[in-house]
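Have a look at the structure below before the remarks.
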Number of protein chains: 2
Amino acid sequence: MSAFDELMSHQRETEALGAIAGRLGWDQETVMPRGAAAQRGEEMAAIESVLHARRTDPRLGEWLAAIDATALSQADQAKLRLIRKSYERNTKVPAKLAAALAKETSIAQGIWAEARANEDFDAFAPTLQKVVALRREEAAALAAGGDLYDALLDDYEPEATGAELEAMFSALRPRLVALREKILASGKVPEPLAGEFPEDKQLALSEKLARAFGYDFNRGRIDKAVHPFSSGSGQDVRITTRTALHDPFNCFYSTIHEVGHAAYEQGVSEDFLLTPLGRGVSMGVHESQSRIYENQLGRGEAFTAWLYGQMREAFGDFGVADARSFYRVVNRVTSGYIRTEADEIHYNLHVLLRFDLERKIIRGELEVADLPTAWNERFEADFGVAVDKPSNGVLQDVHWSVGLFGYFPTYTLGNVYAGCLNKAMRAALPDLDAQLAQGDTSAATGWLRESLQQYGALRSPKETIAHACGFAPSEGPLLDYLEAKFADLYDL
Amino acid sequence: MSAFDELMSHQRETEALGAIAGRLGWDQETVMPRGAAAQRGEEMAAIESVLHARRTDPRLGEWLAAIDATALSQADQAKLRLIRKSYERNTKVPAKLAAALAKETSIAQGIWAEARANEDFDAFAPTLQKVVALRREEAAALAAGGDLYDALLDDYEPEATGAELEAMFSALRPRLVALREKILASGKVPEPLAGEFPEDKQLALSEKLARAFGYDFNRGRIDKAVHPFSSGSGQDVRITTRTALHDPFNCFYSTIHEVGHAAYEQGVSEDFLLTPLGRGVSMGVHESQSRIYENQLGRGEAFTAWLYGQMREAFGDFGVADARSFYRVVNRVTSGYIRTEADEIHYNLHVLLRFDLERKIIRGELEVADLPTAWNERFEADFGVAVDKPSNGVLQDVHWSVGLFGYFPTYTLGNVYAGCLNKAMRAALPDLDAQLAQGDTSAATGWLRESLQQYGALRSPKETIAHACGFAPSEGPLLDYLEAKFADLYDL
């Protein structure tokens, strides 16, 4: 075998083992017996240790050095690039540091949960301080003199930089703040849904929505879980959803969001199965898929007209008079404390806040002890409301406790990318709204599959979006879309 | 770290990875999307390859050579013994042969299934011939001049020999044949159940039965699958069951049988978790647990009286007049072709037939081409009926196609062991029937856990049974139990 073939064969087995580790995670969140937690911890540690050993195997370095890439296809060159990057990343971090990080973050999550329950930031601060110190140490090992935050960001959004995101987010922030103020001042925000929506009927309609958005049940399944998520790549991409008796939108839009993630994974070319190209290229591009399914398609006026009919069929008269009123209720804007419950506008303000704070922390410009004050000041400035308690503020998200610094901005980057894709898709599909009004998303999801999903990780994230759209991504299309949509909704 | 500690740490990780591979099997049979089969095949191959590498890691040999076992506890000595045995077994078989076997048996199962569907033994014979040749080659590598069949048997029932089983089975066969003839000649075999039994009610009662037999849902779960099975060890032991509209006993006794297997795994001491002692010691001892739960407890007159009441509650009047009649229906004896549908007596005759034939094949005393004739002659001699087609005869079981030679006799050995355990348990628990008649199995399952299950693989299979019973196992108690039970049932 040539060095290239040996490398690819080794990589394929690593990909297969990675898929197994991912499925163990699915199992844990959906079907695992409660009493199996301790054993499962050892199982996860064992397979992660196998994966780490394979990803830092010195033979990878030898094979990579021996391969002449010039004669390879674009896809094979892309595979090599990703394997090299992973190898260099994994060998740069000392094993001792990696172990310390794994240990500290596994403890920290429990301490965070307890501190949140007790509204006690001080009980969490020393642990968070340790996690930050370890992540900064890791970032220093990766950055080789460069920016520490960028080194961490690269894990989630390859080739993005904090400076670039800062510029983009600075353009977003004032227009989003202005838009939310106009909407809230309009006095036209509707009441939320009232009444009860039987959960079995929610699940039945949720499954119908998944099918409507092209989810392939032959290569996936839907289960209930505490948190909705999508899991797996290739031929086995499973999603979860949840139900709340008084809030069917929670179920429906969680399902559509996760179908967006899953459709990306299911849409990748079969040729890339069990290779480094066989999955979504970054968190930001992944989020662009979940968001365009959920928002630009699922919360648009055309599709909500169809959904209104479906809900009338399933639940009878639920107190919303017509499709236009329903469209307003689906797109209700309120300035709540909680990111995961936020509307399309406030969501990004939540993310921008976290991005600025976590970047400062990693760059050593903000101390953990000063985090609550910084959070509360920024929240009041952007949301016009004072934070009432830590669980509604700095303690609300799990991310930092498990060491996820650099992850938050990919949520808004995903929205920005979704805005770009929506603009290009609308130009390519002039009749789209007429189809969506019939519950037919096939032209839209087909366009996304053809233009983006099939390529998996072939190109860099930014190139992936630019290739699909035909223009370089920027925040403009998202802002234009939001301003137009909400001006129409609230007669601004 | 000492050599002992290094070995145990390595082994613990191997056990955890083995548990993951087992759970992948569960996933495949219960929740896996149909379209994921090809990818799953690669995943299974990848983790099996990791496991094989770990089990033949030369460091195992070095650690084993460096350890002075004399000062170790009984449990640690037992762990060493099992690790050494596994290491020697795995390093004796050339990697090329192991790979050829894996490949041939994975193909052979499909060919067998098609041949069975087409009633065409000749289409299967060349493949079976290849599997036999490879297994004989493997047996020769393992046996080092000893008996080939014994070398294979040892994988499923350590330290058992074909000669010993032959002696035991020779004592069983004439008394079983005589018993079945007397029963069938009595003219008192009742009709089977008639009518329909809604499947949701079957599943509800099945869950109640699982709880009644002490299945711990905190460390397990029940799902539906095509074939009932138990999967996993330690804190995560899952079972499956199935339903048939007209045959609720299929569901109930499948569940009780699998609960017996699972109770063994759940009953092993927590101290043995993720060690070589942390699971059932052999197929035969495992089957003794499933069989004593299913038959000596579940099909006894006392427990069926309680079950009769439960079924009346669930299904109303289902055409059986009283508990005594119900007991007869549960223990209906018929000479069918199919092993998996056989009653307590005929089941063993099925197994004895397969044991004699497969032993001859592995020892080179019978050719694959002559298998159908040998099967049909033996079947007619023991069952009094001629085989009508291959799917009711030599093609009915999957075992040989996947290379399982040496597995069949453990089914009857399990029944023999269950007979011994039942005798000892009845002596220890004189009031048992009064409890069983109330649906209370706790004294019985508690006795089994205390006497046998908690020890896992600490002792050899035969020692495990002897330790629990207080006497050396033999076929006598099973025969006495069957003859007494069926003489009473059929007024012989």
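Positions of Cβ are set from backbone N, Cα and C atoms, glycine also.
Keep in mind it's a predicted model, so treat the numbers as computed, not measured.
Feature annotations, reproduced from TrEMBL:
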| type | residues | note |
| --- | --- | --- |
| ACT_SITE | B:GLU258 | active site, proton donor/acceptor |
| BINDING | B:HIS257, B:HIS261, B:GLU287 | Zn(2+) binding site |
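Listed in sequence order, the residues B:SER230, B:GLU258, B:GLY260, B:HIS286, B:GLN289, B:SER290, B:ARG291, B:TYR293, B:GLU294, B:GLY414 complete the 8 Å Cβ shell around the Zn(2+) site centroid, once B:HIS257, B:HIS261, B:GLU287 themselves are left out. Around the Cβ of B:HIS257 (Zn(2+) binding site), the same chain contributes B:PRO228, B:SER290, B:ARG291, B:TYR293, B:GLU294, each under 8 angstroms and 6 or more positions distant in sequence. Listed in sequence order, B:SER230, B:ILE239, B:GLY280, B:HIS286, B:GLN289, B:SER290 are the same-chain residues six or more apart from B:HIS261 (Zn(2+) binding site) with CB atoms under 8 A from its CB.
Listed in sequence order, B:THR410, B:TYR411, B:LEU413, B:GLY414, B:ASN415, B:TYR417, B:ALA418 are the same-chain residues at least 6 apart in sequence whose CB falls under 8 Å from the CB of B:GLU287 (Zn(2+) binding site). Neighbours of the residue listed as 'active site, proton donor/acceptor', defined as other CB atoms within 10 A of its CB across all chains, total 26.
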